[in-house]
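The domain 'Nephrocystin 3-like N-terminal' feature in TrEMBL is assigned to 279-443. Under the heading domain 'EML-like second beta-propeller', TrEMBL lists 878-1041. Annotation comment: TrEMBL describes 1452-1488 as region 'Disordered'. Among the features that TrEMBL reports, repeat 'WD' is placed at 828-869, 871-912, 957-998, 1000-1041, 1043-1084, 1129-1170, 1172-1213, 1215-1256, 1258-1299, 1301-1342, 1344-1385, 1387-1420 (among others).
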Amino acid sequence: MSLFLRVFGRLKKPKSKVSNEAPITAVPSLVQAATSVASSIAMKRDPNFDGHRTDTMELPKMESATNEEIQQSSHQLTSGSKTDKWLARAALVLDLTKSAADAGGLAPLKGACEGMVTLLGSIQAVKDNQSSWSELLRTVQEHTTALQRQLDQLGIKDILEECGNSISDPVRDYTTTLKELIADICADSGLNESEFDTGLTLKILAQRIGVTKLEADTITTYQRRLTDAKSGLMHALMLYVTISVKATAERDILKDLWSKPRQRPQECQPGTRAEILAECEAWSKDSNAPNILWIKAAPGAGKSAIASTLVDTLGIKKRRLGSSFFFRRQETATVTTSAIWQGIAYDLARHPTIRRHLADKMSKEEIDLTTPNIEHVFHQLIGEPLSKIGNVSGEQSPIVIIDALDECGGLESVRSMEFHKLMRTLTAWSSLPSSCKLIVTSREEAEIARIFTGPISSHTIDLLVGEGTVSQSTKDIQAFLSEELGETARRYSYLPRGWPGAAVVETLAIKSNGLFLWASTVVEYVRRGNPKKLLEEIMRTESVMGMNALYTKVVDTALPNAGDETIQELRMILGAIIVAGETLDIRTIAELLEIDLSTVEYICSALRPVLEIKGGTRFRHQSFVDFLLDQKANDSALQIKPSDFHQVLAYHCLRVMGKELRFNICRISSSYLFNSDVLENLSSIEDYIPSCLQYASRYWVLHLQDVPSNEDTMGRIRYLLKRNFLFWLEVASLCDFVDDIPSLLIRLIDWLKKNNRDDLISFAIDMLRFTTHFNEAISSSAAHIYVSALPLSPLSSEVKKEYQSRFPNALVVCSGGYQNWSPLLLTFRGHDSGVTTVAFSPDGHRVVSGSEDGTMRFWDAETGEQIGEPLEGHTDPVWSVAFSPDGRRIASGSDDSTVRLWDVEAGKQLWESLGGHTDSVMSVAFSPDGRQIVSGSDDETIRLWDVETGEQVGQPFQGHTESVSSVAFSPDGRRVVSGSEDETVRLWEVGTGDQIGEPLEGHADLVSSVAFSPDGLCIVSGSEDETLLLWNAETGEQIGQPLEGHTGSITSVAFSPDSLYIASGSEDETVRFWDAKTGKQVGQGLIGHTHSVSSVAFSPDGHRVVSGSDDMTVRLWDVEAGRQIRKSPEGHTDSVCWVAFSPDGRRIVSGSIDKTIRLWNPETGEQIGEPLEGHTSDINSVIFSPDGRLIVSGSNDETVRLWDVKTGEQIGEPLEGHTDAVLSVAFSPDGLRIVSGSDDETIRLWDTETREQIGEALEGHTGPVHWVAFSPDGGHFVSGSKDKTIRLWDANTGKQMGEPLEGHTSPVLSVAFSPDGLQIVSGSEDNTVRIWDAKTRRQIGEPLEGHTSAVTSVAFSLGGSRILSTSEDQTVRLWDAETYEQVGQPLVGHTNFVLSANFSPDSRFIVSGSGDGTVRLWELAIENLDLLPNLHSVIRASPLFRSTPLSSELSQLSQSSSSSSSSRLSSSSSSRLSSSSSPVSNPSSTLSTTSVEEGWLLTPDGKPLFWVPPQFRTGLIRHGVRIIGQCQRLEVDLSRSVYGEEWTRVAEASNES
């Protein structure tokens, strides 16, 4: 049952049939309409919305007549007099109307209906005389008036205006009808309204009506009038409820904006602050006044109380649209500006227009709540919605109140990032209509005053204190004290009435010197003890008692006669609260400082006049902190010196960690659980990781910074590093601050260096590398600190050397893996979208990054910490950033078509955006002297800008015919180089804007990046053709051959400062180094990013490279370490498109996008001879001749080529004829002919001996021919095409045989004949494999389904009973050719599309080629594949491959993976399984991995076994699989490892805690 039917469930049709009764049908129609509207709204938000769900929203419960009552009323319609029938019908109608009105939120209409029902009941029950007719009439009149008020309310009025008079008129008409009907009934009964005031009772009235015989026509008139009015009303209510239901759905959409209500400060005492409140109210009504009111005051002047009072007096969220937010310094340290405006937007959404606008935007995902661009957030949530409601009257203008602005950002206050963000949004508010009001209260901080007296026009109220204004506030303070002290007096019977008296109150008000804080503190103070005695002490003080004196009195009185120990404990508590990194509760303070809990409670309770305890300890006012820190303001015994207490907390943090840290601290039951699963099952993490340990683990380094080194401190640090480091990481993992660990360790390393603790520096550096390299695994699962990170660390790791012996039962790296830490130094995280551009500052201390999230961020190049707040202003992705030569400015280019200039230190934009480009700005660069900026744009132009004036210099440089993607100045500043999507590089004269010489041409695809060498002699360009080219900067001639190695588009290039090396970033997710003189790649690519590398830059000293990526990270690399990485074995440098065995099975041939053909020894995996080179573009297809002496290849260079296998030489000239890429080639069974299929939609036959084309091109396909294959007898061949068809051809005549084979719903990518030639198998982009009868040309059976992406190749086994298929889903699958069932589990391991595969001649092996650049040899080791029923039982050790430990252990693991735990694995070296084994029991065939991005190797049933670093995912060695080609390999032994519920045995029993 739907939600709406449940809500309206009481309005069921009576069992007694009532024909043609509108009220009975109207309400179900109403429900149906409402349900339809709500469903449509829900579907816009969630396509999977279930209309029968009942948990999506709530509606008010309906109060209505019960079914029995309705049935009883209905029953009366069938009997009795005509009057009785009419009365019963009218009562039923009114009951239904009342119910609908109640559900629709029209309470006054419900009341009017109830009044009418009462009247009708009185007519039927004359004896009922509990009320008078006059009172009833007055009640109905009151309801009518109330209804009118409701119709005028904000919100309902908006709905009514939207619907014109379609709701308001019928509602008013119906209410009027009810009123008039009462009067008419009375009049027709001989009464008039004048008699109502003569004491007429209901009894007398009822008697009068009861004896009156009303005419039938009169009753009919009553009925008609009620029916007519009711009909219109029901339609109105239907519309109203429909809109109300829609509003409920919209509110549900907006729930993400909701924030927990915050308690407001205490309001002003009634009667106080009247003048100020009146001024505020007058401002709120003045449409000509500035739309921001700034109430500024010194600490304690009562501004927060005024703000809290204004919420009530202005009717915010009651009769007036608005919202409020009250800052509390320690509570709001982590509150973001975005969260503040989200909460305010939620409150403003009470207005239907705003609600509808926001709900529509959010349902369409047009509002990004995660963007750091605060201007976007403000515009979308506040500015734009408020503009939709237009100007409203002063009484109804929306008002937002923000109190204590100076406390935004917590203890950092005006220095915080969030404060500056909020100030920018306040500036934006000033541009809203004057009817949109904002009230801000704050101290008069210089930064705030500068804004409110400068860029922002505001109305200011100055709550000054002191001699000049005491009289202004004395009266208000007196009133406050009278009320509060009077309340105190009422609690004590011994205090005389009227205590403390007007004279005392007046004296206290004078002592306050105009400070409400002083007065409120006195009140709290006297309430903490004997009020009379304490107040007398205050009265005995000097005439004007300042806050410092009062605070001294409060503390002295709180702890009278306190001994030295108590004073010391008091100082420790106060000091800890002041310097703590976050708000501490009483228990945490007690445990952290080793002070008895009762003592802490006693001290904190005694300090309640100045300290709040609920929800964490917080000082009531910042002035008390100032008092404690002021050396001149208080007694030295109470003075707090922050450095002393940082030292105290550093000691206690180390003490707590030394005591509490332990292995498996949260008692994780299984290593298969991620942290999210663990935390979900814990009642409270504090039960396992106490709050004091959480605090200590997060902030110990913070407190250590100013602490001098001593042996005790060093001993504790050494114990943490050498004994508890991994346990500390557990806490960081489970408490979600792993990303903070690198910056903490860098600070620790600096501290160790400063204190000359060389013995621990190298270990701390290794801890840093350990955390950086395994961040993903550690963040996801605390158990995998031990299961994955520690055992996969390099043997040279000091962390591994220290801890490995304590956790011996883990996987062991047999070969490959990390020999040393990779060159990765740091990873910077913070952007919410892909990082598009990076640059080093000239001094090398900072990195700036730009992102698709529209922001730029600064990073400390040493610690990886973000510096300051993001630079926001661009309204679209930032594509390019550049530092000025002096490092003081940043230039940026964006998709918003602007160039912007920024002040680095201030973090602010210097000029208005530099407009001129008419499309996205893709690249910016400073001139060497810093006076000019050059920009390149999608508008095909290059422009120069004057840095000082912001003006464009000269005319645009024009010449490129497509987008300009990259620009750079020459070192002497006289020239600019540009790269473009028109595939050219061009040089320009800066002074004239003229192009220098001809375009530099050589790339085969768009040029994405260009750079001058620092010596000015060379230019490097990178392109989507996956190459880099070097050019002579003077002559424009290409230098040497293209620099090849990347397997994806080049996105960025950069020269080292000494011009000797080039760094490049690519879509292949790597950074590579090149020797600028030789053009050779230096070392291997830097692997770590998990998406495209978009930008690279050298540090000024050339020792580091920074890279930005679509994976939203910025990474810092060690250049020297990167250049020293050993290259992997020989192999293809790009995708392997085709693989095939030689007829004797002794060779494998592969063709690649890297334009080479390679031969491999399948027994050793080694390359045979040199690559076969000659093709000038991608090689799509290669195959051996039947005698194994020749290889034929087809390429994107439109040629077919023949090769001598023995010599590796090309035979003769290329076979030319195709006019587009050759996609597939095949030999005839006798080897005399070759068939080729092409992108030119033709098939061609070639004579192998003469290398001449045989006959004309074969035409018929209407799309590219993807695959061709000969029949086993050579009499015909088959082709598959993009046109979705398969065609058979006569090999002798070249004629098409019959009609095309049709069935695939997407392009056919591959075809093959069965060994007997009776069947054809095909693979398609529709993800299916299909089998066809070669004679009848009909499909056999149903499609073979299982692949989740395009099927790229297919092949039959030797005996024809098995079919293999490869797919873009990265798997190889085997199928039973008779049952059409998949055999076993998919073969996985490739980390990119599998493009081709073939059986070995004996069908014991499969060879596959992939987009990951590798060839894989899969061992089937099958005695007789054609007779084996299930592949999952056939994989075993073979002489061809040595059995790897990984395979045998996975075999054992998989057999137990279906149970809840995994036993410790045996070390069996063989994995031969019986044919009766369960398919899920054999991991060698069923082992699956998640995607490369996730990096987790999974058990057969999908549980995380261990995490694999990115660089080893392609090269992870599995049993029965040989990897051939360039990749970093990793072979592991699982014989000693434990997983699942046995994982805790990773540690020896004696070392488990």
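Including glycine, each Cβ sits where the backbone N, Cα and C put it.
Keep in mind it's a predicted model, so treat the numbers as computed, not measured.
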Helix, strand and coil counts within the repeat 'WD' (1043-1084) (DSSP): 0 helix, 24 strand, 18 coil
Maximum Cβ pairs under 8 Å to the repeat 'WD' (1387-1420) - stretch from the list 1043-1084, 1129-1170, 1215-1256: 1129-1170
For the repeat 'WD' (828-869), sequence-distant contacts whose Cβ falls under 8 Å of one of its Cβ atoms, 6 or more beyond its ends: 370-373, 376, 417-418, 420-421, 739, 742-743, 746-747, 875-883, 885-887, 890, 892, 894, 902, 904, 907, 1091-1092, 1094-1101, 1104, 1106-1116
Top Cβ-contact partner of the repeat 'WD' (1043-1084) among 871-912, 1129-1170, 1301-1342 (pairs under 8 Å): 1129-1170
Sequence-remote partners of the repeat 'WD' (1301-1342) [C-beta within less than 8 Å, at least six residues beyond its ends]: 1263, 1266-1273, 1278-1288, 1348-1356, 1358-1360, 1363, 1365-1367, 1375, 1377, 1380
Tertiary contacts of the repeat 'WD' (1129-1170) (same chain, 6+ residues out, Cβ under 8 Å): 1026, 1044-1047, 1176-1184, 1186-1188, 1191, 1193, 1195, 1203, 1205, 1208, 1392-1393, 1395-1402, 1405, 1407-1415, 1417, 1440, 1522-1527
Long-range Cβ neighbours of the repeat 'WD' (871-912) (under 8 Å; 6 or more residues past either end): 372-376, 420, 424, 833, 836-843, 846, 848-858, 918-926, 928-930, 933, 935-937, 939, 943, 945, 947, 950
Residue distribution over DSSP helix, strand and coil in the repeat 'WD' (1258-1299): 0 helix, 21 strand, 21 coil
